[in-house]
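These features come from Swiss-Prot:
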{"type": "SIGNAL", "residues": "1-25", "note": "signal peptide"}
{"type": "DOMAIN", "residues": "36-81", "note": "domain 'EGF-like 1'"}
{"type": "DISULFID", "residues": "65-80", "note": "disulfide bond"}
{"type": "DISULFID", "residues": "71-109", "note": "disulfide bond"}
{"type": "DISULFID", "residues": "127-140", "note": "disulfide bond"}
{"type": "DISULFID", "residues": "134-149", "note": "disulfide bond"}
{"type": "DISULFID", "residues": "151-162", "note": "disulfide bond"}
{"type": "CARBOHYD", "residues": "198", "note": "N-linked glycosylation site"}
{"type": "DISULFID", "residues": "207-217", "note": "disulfide bond"}
{"type": "DISULFID", "residues": "213-226", "note": "disulfide bond"}
{"type": "DOMAIN", "residues": "243-282", "note": "domain 'EGF-like 5'"}
{"type": "DISULFID", "residues": "247-258", "note": "disulfide bond"}
{"type": "DISULFID", "residues": "254-267", "note": "disulfide bond"}
{"type": "DOMAIN", "residues": "283-328", "note": "domain 'EGF-like 6'"}
{"type": "DISULFID", "residues": "287-300", "note": "disulfide bond"}
{"type": "DISULFID", "residues": "294-309", "note": "disulfide bond"}
{"type": "DISULFID", "residues": "315-327", "note": "disulfide bond"}
{"type": "CARBOHYD", "residues": "394", "note": "N-linked glycosylation site"}
């Protein structure tokens, strides 16, 4: 109460109270806003209508409802309902009113049936008409007068829902198993393929399927191996083959020359030789085979790697020919007094680089006189001392190669046998003229 209210008349007191109330409110507090643009949750301001309008959260919020639920918008919010749920709009709300169902007549048919045009009772397909309460994860199967909710193949019922069966837990697959929604798939390791039952794995014959082997392919369990023909070796890539250069491995494969060829090698011999099965080279005896060009007045002499045609009569005055390769100097001829009584022509062949000392030719006296002594010597042709004589006994001696010689080369050695008899003061000599052919090779 005002302190002075008791002193004022009643009318003045009412007037004073009105003035006090009007003065207590400031002009700013009595002003109202020109417009309102803020809306409550679930609404937004519409500038055209100058009113708040509902926000459709089902369109503006991504994945507003999870799983198999469907989003239903309503004023100021939204609902997440099962997809089988139906929503009846309020007749007093916005939008057209729901249609008025026609007048229904009593159904004379048992549950799950309905009359047709002929007034016969036919089954109601609840699955096709969505008159069932099966879960979205279930399959609806129509039955006479009813329906059944079952889980699809590969699913099992857990509570009201159907969940995927992990078939891989039961090891249906031989190798690898991949679980899929409602099913599974078997896979095989490399080198295998699924069998007819789509579960077991069978070996793949890569060799029949164009394996990248260059020469030979061998199939094995789960894989394959490449191999090469004889004379080839497998490359590092495991598929291609490279020729083996056998000639580079050893210098003893062939006696003369080794020639590498694709997948093999061959041995060759020089002219005048033939190749043996042992890969050795053997001299061809042209004189024996007739592969020579000597005339009838000549004698064919074979040596290592070739032959020589020599005259049949090689006797030079004062010698006369008495037989093949033998010349005799008559005693009646004064020119023969200082000459050997006979000269016999012989021929032989040796190889190059022969090991020394080597016995190469044996000299043998054809006749022996009582009390005679025979001495053997090299009369001519040994200017470099490549040979020497080793006397064995009174009637024989050996021609010895003193040092290695390299061909092709030819020696003509006069090997003399001197016969002496001191009691009869007798001295005579004969010569064996030996032609030695040295071949060009060590074989």
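Residue 1 is the first one shown; counting continues down the chain.
Glycine is no exception: its Cβ is also placed from the backbone N, Cα and C atoms.
Feature annotations (Swiss-Prot) mapped to structure.
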| residue | record | DSSP (3 states) |
| --- | --- | --- |
| 71 | disulfide bond | strand |
| 109 | disulfide bond | coil |
| 151 | disulfide bond | coil |
| 198 | N-linked glycosylation site | coil |
| 213 | disulfide bond | coil |
| 226 | disulfide bond | strand |
| 254 | disulfide bond | coil |
| 267 | disulfide bond | strand |
| 294 | disulfide bond | coil |
| 309 | disulfide bond | strand |
Coarse DSSP state, helix versus strand versus coil, of residue 207 (disulfide bond): helix
Cβ neighbours of residue 300 (disulfide bond) where a neighbour is any other Cβ within 10 Å: 18
Which of 71, 162, the listed disulfide-bonded residues, has fewest other Cβ atoms within 10 Å: 71
Of 65, 71, 226, 247, 294, 300, i.e. the disulfide-bonded residues, those within 10 Å of residue 217 (disulfide bond) when Cα atoms are compared: 226
Neighbour count (Cβ, 10 Å) for residue 149 (disulfide bond): 17
Residues in the domain 'EGF-like 1' (36-81) grouped by DSSP into helix, strand and remaining coil: 4 helix, 19 strand, 23 coil
Neighbour count (Cβ, 10 Å) for residue 109 (disulfide bond): 16
Rounded to the nearest Å - Cα separation of residue 258 (disulfide bond) and residue 267 (disulfide bond): 5
Tertiary neighbours of residue 80 (disulfide bond) (same chain, Cβ under 8 Å, six or more apart): 64, 65, 66, 69, 70, 71, 72
Among 109, 213, 226, 247, which are recorded as disulfide-bonded residues, the nearest neighbour of residue 267 (disulfide bond) by Cα: 247
